[in-house]
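Database features, via Swiss-Prot:
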BINDING   Asp506, Asp512  Mg(2+) binding site
DOMAIN    573-632  domain 'KH'
DOMAIN    642-717  domain 'S1 motif'
Amino acid sequence: MISMIINKAIDLGQGKIISIETGKMAKQADGSVVVRLGDTMVLATVVSSKKTPPPNQDYFPLQVEYREKYSAAGKFPGGFFKRESRPSEKEILSARLIDRALRPLFPDGYLFETQIIVTVISSDQINDADVLGGLAASAAIMVSDIPFHNAMSEVRVGRINGKFIINPDVNELVNSDLDICIGGTTDTICMLEGEMKEISEAEMLDAIKFGHDAIRRLCALQNEIAAEVAKPARPFAPAVIPSELTDLVRGLCETRLRELAYTPLRKEDRAEQTAAIYREIIQSTVEHFKAAISPEEIQADPSKALCLNEHIIDEQIHAVEKKVMRHMILDDAKRLDGRTLEEVRPISIELGIIPRAHGSALFTRGETQALVTITLGTKKDAQSVDNLTNNADKKFMLHYNFPPFSVGETGRIGSTGRREIGHGNLAERAIKMVAPPEQEFPYTVRIVSDILESNGSSSMASVCGGTLALMDGGVPIRKPVSGIAMGLIKEGSNYAVLSDILGNEDHLGDMDFKVSGTRDGITACQMDIKIDGLDYHILESALEQARRGRLHILDKMEEAIPSARVELAQFAPRLTTIQVPVDAIGLIIGKGGETIRSITEETGAEINIEDDGTVTIACSSVEGTHAALATIKTLLAKPEVGTIYLGKVRDVRDELGAFVEFLPKTDGLVHISEISATERVAKVSDHLKIGDRIKVKLVDVRKDPRTGKTRFALSMRAVETDAANGAPQENNQENQ
């Protein structure tokens, strides 16, 4: 049977026409679509297993993969094998954007293994495919038979000269003062992530509303296509838990969990006591139903077997725990650690605690602790970025590490996880907005945040610690940046916004909203919503409460260090920049890099040369910098008659004289008659040997009429005569 091809397009304004097509490609997947903007095209497919999940599975195994094919832009992949390999950071971050927006929209209890693959099959290298991938993934699910709540769309919002733009291209983003990716349904926003140049909370809301208008239209387009495809939904019904199980569990644990919730405890102590309650309740429940339910009853009503399933009992206890904590916050405005809704945990800051780092800070907020260091380098240390829309070098980076011991666990140590990449990217974007321009501070900057303890908001601790480490290292950032994670508990029209959330509040709550910024505005944000129907007035309230929390944290940071240190750290490289003629670059580099390597080995300085003749010298010692600079200046020096040089004897001719290299790659002749002012020289080798270092004066420069080469006449006798007459010799130049 030939599939019906459906292709529909929508004009979002400003020349942004997006089309969605289904029925042509990847027809054996449960759902597939191709989304196009300009000449950028993404293919999204979704397949959900029909195999019944294991009875003890308690999570939704959703896998989202986003891949950019180099062939999409007519490029070859780098590397020896010339094919795509593991996903890049850009691909991982794009996959996370899609995953975070889609995951809450699958029905509760749907635990079938599901895989979404988004592939960029064409790239015009102008329109980024990441938000198109979110739209395509949702559309692929909508045309499938997989259970799904609502169509979801993603857009990017930029702003140029005060005017908002939907899905700005890479050229427009250069001039935009914000870059926000927004994911949402017709009724609500479910995901935010972006960076901004210190915009206000009101401007942020305006940008979200502008993006939501486009999202509604894209969702309507998906619904139109889904209605035409008209694929019947596969049967799915979540397991019905017997009421006698929920009643028994609630009766056994509700009071105990409430008492525990109202007792402020350390994370470790709370976890131990909670685990003990779980173990006791599970054991008591299983024993109760073993005695109460006969095998015949289970055979007659298989749902009664759930009463003996420890995993199901665990889920029911967790539901009671969640309800207890949420009502404690909503009814009594109390939190697990005894704080008020808006209270930020105690903050402590130590600076300069890593002696050899170029800047360091230990930032502790409650039971979350980040050890952050900075390293300053040269352009050689920049990270090479090669993707479909960006081939520039990256000179400002933040790497976030989350070892298992930070939460008191053992675990895998190896390649960086997706969560670590995502958290590091958010913190990097927050601080990048206040980094000094390259013209003023030409260093490559690497920030490393190692999370030593975690009980919520570790990415925001990385923002605060990263800012402090930069200031400790003398990096002239424009303004300090702080970050705070906000939470939400919502039941009907009743809600509470929480500042500086704990891990449990994140897990049991409805929102995780991270906001970073300066005193003057927001620089980065990330929001994930677990519920439908987030009203804009709640979002406005959360942003304002986050602003107050952000300022409180900035006060604490500025108490520790009011401004960046004036000097760089002792072991940080000092950069000196000079401009040389373009035709002199080869002279400095030397044959096969011989000369520049020699300078590096002798002085300890690292030297970078740009194509325009900009030479950057990096060295941690002043002496090394001066030595390298002097050597380069000597290399570039032009021979001047009357100048005295310290040269090296390269060749000796007994009856003629000695050839001396008085400048790099420049030899002159000291005639036998010019060797001594006090005696007659009969044999040159009696006075000079190859390798000797001698002072010579350039006395004449002329061109050989026969060969056209420039000849340099040098004199040792003139140096002796000048010294005897007391002539100044300030112009001495040494050939290194």
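We count from 1, first residue shown onward.
Using the three backbone atoms N, Cα and C, a Cβ is placed for every residue, glycine included.
Secondary structure at Asp512 (Mg(2+) binding site), as computed by DSSP, is strand. Classification of Asp506 (Mg(2+) binding site) by DSSP places it within a helix. Around the Cβ of Asp512 (Mg(2+) binding site), 21 further Cβ atoms fall within 10 Å across all displayed protein chains. Taken as a whole, the domain 'KH' (573-632) shows an average pLDDT of 88 in this prediction. Counted with DSSP, the domain 'S1 motif' (642-717) comes out as 7 helix, 40 strand, 29 coil. Cβ neighbours of Asp506 (Mg(2+) binding site) (same chain, under 8 Å, six or more residues apart in sequence): Gly456, Ala485, Gly487, Asp512. DSSP assignment over the domain 'KH' (573-632) gives 32 helix, 16 strand, 12 coil.
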